[in-house]
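J.: Please see the structure below; I have some questions.
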Amino acid sequence: MPGLNNWSPILPETVWSKVASALRQELGDGPYNSYVAPSALKVTIDGDPVLVTPTVYARDWFQRNALRRIHELWAQFDPEGRVLDLQSRIDYDTAERQRQAQKALSETLDVAKSAGRSEADVPLSSVKTNDPAIVADTGVAKPVELSGLEAAQAQARADLNRIAGLQDRLTFETFVAGRGNEFAYTMSRQVAGWGDGHFNPVFFHGPYGYGKTHLLNAIAWEAKVRRPDAKIVYLTAEKFTNTFVKAVMDRSQSVFKEEIRSADLLLIDDVHFIGGKTSSQEELFHTLTALIEKNRRVVFTADRPPTQLTEIEARLRSHLSSGLVCALDVADQALRIGIIERKLEQLSRRLGLSRMPHVDVLQFIADSVPGSIRELEGAVNTLAASAGARLGSLTLDEAMALLQPNLKVSVERRVTVDEIQKLTADHFSLKQADLLSERRTRSVARPRQVAMWLCKQHTTRSYPDIGRRFGGRDHTTVLHAVKKIEELLQSDEQIARDVEALTRKLRSN
Ligand SMILES: Nc1ncnc2c1ncn2[C@@H]1O[C@H](COP(=O)(O)OP(=O)(O)OP(=O)(O)O)[C@@H](O)[C@H]1O
């Protein structure tokens with residue numbers, strides 16, 4: 001009989017892989033590829049297993065179609081008797097960040113306690129600056145009543161907000177990470193956690209409206225919660241320049257220098273603004289070298305990488321690039337939908353609604369609102385303001401009608417992939433399931449290619465997205481299909497007639 005020493009727990013991941021392969025058998029490849037494969041098993045910081053779905057829609061699908069069976073299989077394969085939770089990625093990320101923040105704060109409070117201070121003595125903030133608009137200084141201990149994480153966070157936020165003009169809502173909890181900003185997000189968390197200062201300064205760059213200011217604010221909030229006694233300075237490059245120029249005129253440069261150079265963490269937003277301003281650049285250069293020498297953390301944002309900031313003097317440019325340069329890219333479709341989902345969840349909660357708008361509405365906003373996340377947020381706010389309590393039950397047509405006047409491009413009736421598949425299958429006397437199946441005979445493969453081509457023409461879906469909706473196929477298959485049909489349209493009269501007939505039906509629907 002094995003002794004206790006030989007006992008090793010079965011990992012939740014191992015249990016999940018057994019559950020997943022049983023599900024594949026039971027559900028078949030279509031639902032498995034659409035819902036099970038894109039979901040992931042995660043283990044929370046507290047050790048609890050959670051099945052995380054990429055979207056709220058997928059979570060709802062599990063709840064309706066497979067959750068009971070998953071729980072049965074899980075109980076069968078997990079001798080540890082753990083309970084599997086189900087969450088959408090957004091919910092999971094938010095909850096996990098809160099758990100991590102809570103843990104970090106309790107560690108901070110433990111350190112304070114073991115140093116002989118009570119929770120109520122942990123200093124949160126006090127100001128000693130000549131320009132309170134720019135500096136958050138926590139040098140002098142100011143006892144506050146602290147009744148746990150929320151009180152500490154609220155107090156820290158109130159202090160920083162009053163002093164430094166940070167925005168309350170721009171935190172890690174409200175930031176949605178995904179392709180395009182994942183690395184910037186991870187680095188921001190690392191800076192905010194006062195982790196290894198190997199990369200210093202950190203320089204984030206990217207197009208307007210894709211979350212640079214949001215990340216900088218989030219770093220300030222979290223860094224403050226984790227080290228309440230640290231001096232955090234947050235300012236825009238414009239503020240830096242204006243305050244510096246004013247200090248020169250008032251002959252108070254020494255105060256300005258002292259305030260900025262005594263920061264533990266300096267965050268400067270939109271540093272490109274300093275281009276062409278020689279004396280401010282000189283001052284920033286000396287500030288940066290002084291802080292780096294003392295191993296203080298510095299973070300910048302700009303609309304371009306340092307090498308392209310040609311209006312900034314070469315010496316400063318080179319120092320800006322000397323740590324870590326990290327790009328924020330435009331958001332892909334999945335991230336846009338994630339952000340819309342998060343925003344709608346917040347608004348629905350605020351409006352006291354019990355349900356979210358249908359996934360088609362989310363998809364429509366993501367597809368039809370051009371521009372950055374700022375524009376996307378504007379559209380979601382407009383929709384919520386116009387729909388009010390009806391927000392959760394809006395149909396696609398109602399959402400279109402409400403948003404249409406604000407969209408730059410007029411919104412045509414939206415054709416869906418599902419609709420194209422049904423029409424095409426019908427036209428070729430097939431079933432929709434045939435188009436999603438593995439069958440490769442010409443009589444099925446050609447109509448499938450036609451349907452893929454129609455999707456590319458009449459929807460805004462990407463190649464990978466279309467592939468996923470055709471039984472989880474790869475984007476190269478869709479690419480090939482689109483090329484093939486384009487060739488055949490020139491050479492095969494029958495295909496040309498089929499495509500024309502289908503296009504007419506789609507338009508008249
Ligand atoms: N990943 C994200 N998750 C949630 N909200 C986001 C995300 N990215 C951007 N936003 C929101 O979009 C809006 C614009 O973002 P932000 O101001 O941070 O952009 P920026 O890159 O600093 O642009 P600019 O250079 O114009 O100031 C903000 O309201 C922000 O909260």
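Placed from the backbone N, Cα and C atoms, the Cβ positions cover glycine too.
So TrEMBL says this about it:
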type: REGION; residues: 1-106; note: region 'Domain I, interacts with DnaA modulators'
type: DOMAIN; residues: 198-326; note: domain 'AAA+ ATPase'
type: BINDING; residues: G209, G211, K212, T213; note: ATP binding site
type: REGION; residues: 388-509; note: region 'Domain IV, binds dsDNA'
type: DOMAIN; residues: 416-485; note: domain 'Chromosomal replication initiator DnaA C-terminal'
J.: Can you tell me whether DSSP puts G211 (ATP binding site) in helix, strand or coil?
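T.: Coil, per DSSP.
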J.: Would you mind checking how many other C-beta atoms are within 10 angstroms of the C-beta on K212 (ATP binding site)?
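T.: The Cβ of K212 (ATP binding site) has 22 Cβ neighbours within 10 Å.
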J.: Around the ATP site (G209, G211, K212, T213), what further same-chain residues have their C-beta within 8 angstroms of the site's C-beta centre?
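T.: Other same-chain residues near the ATP site: G206, Y208, Y210, H214, L215, T301, L328, I373, R374.
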J.: Please list, in sequence order, the residues in the chain of T213 (ATP binding site) that are at least six apart in sequence and whose C-beta is under 8 Å away from its C-beta.
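T.: Looking at Cβ-Cβ distances below 8 Å from T213 (ATP binding site), excluding near sequence neighbours, one finds L170, D269, D270, T301.
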J.: Same chain only, sequence gap of 6 or more: which residues have a CB within under 8 Å of the CB of G211 (ATP binding site)?
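T.: Non-local contacts for G211 (ATP binding site): F175, N181, A184, L328, I373.
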J.: With DSSP helix as H/G/I and strand as E/B, how many residues of the domain 'Chromosomal replication initiator DnaA C-terminal' (416-485) fall in helix, strand and coil?
T.: 51 helix, 0 strand, 19 coil
J.: What does the DSSP secondary structure composition of the region 'Domain I, interacts with DnaA modulators' (1-106) look like, as residue counts for helix, strand and coil?
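T.: For the region 'Domain I, interacts with DnaA modulators' (1-106), the helix, strand and coil counts are 66 helix, 13 strand, 27 coil.
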J.: Give me the DSSP three-state residue breakdown of the domain 'AAA+ ATPase' (198-326), ordered helix, strand, coil.
T.: 67 helix, 23 strand, 39 coil
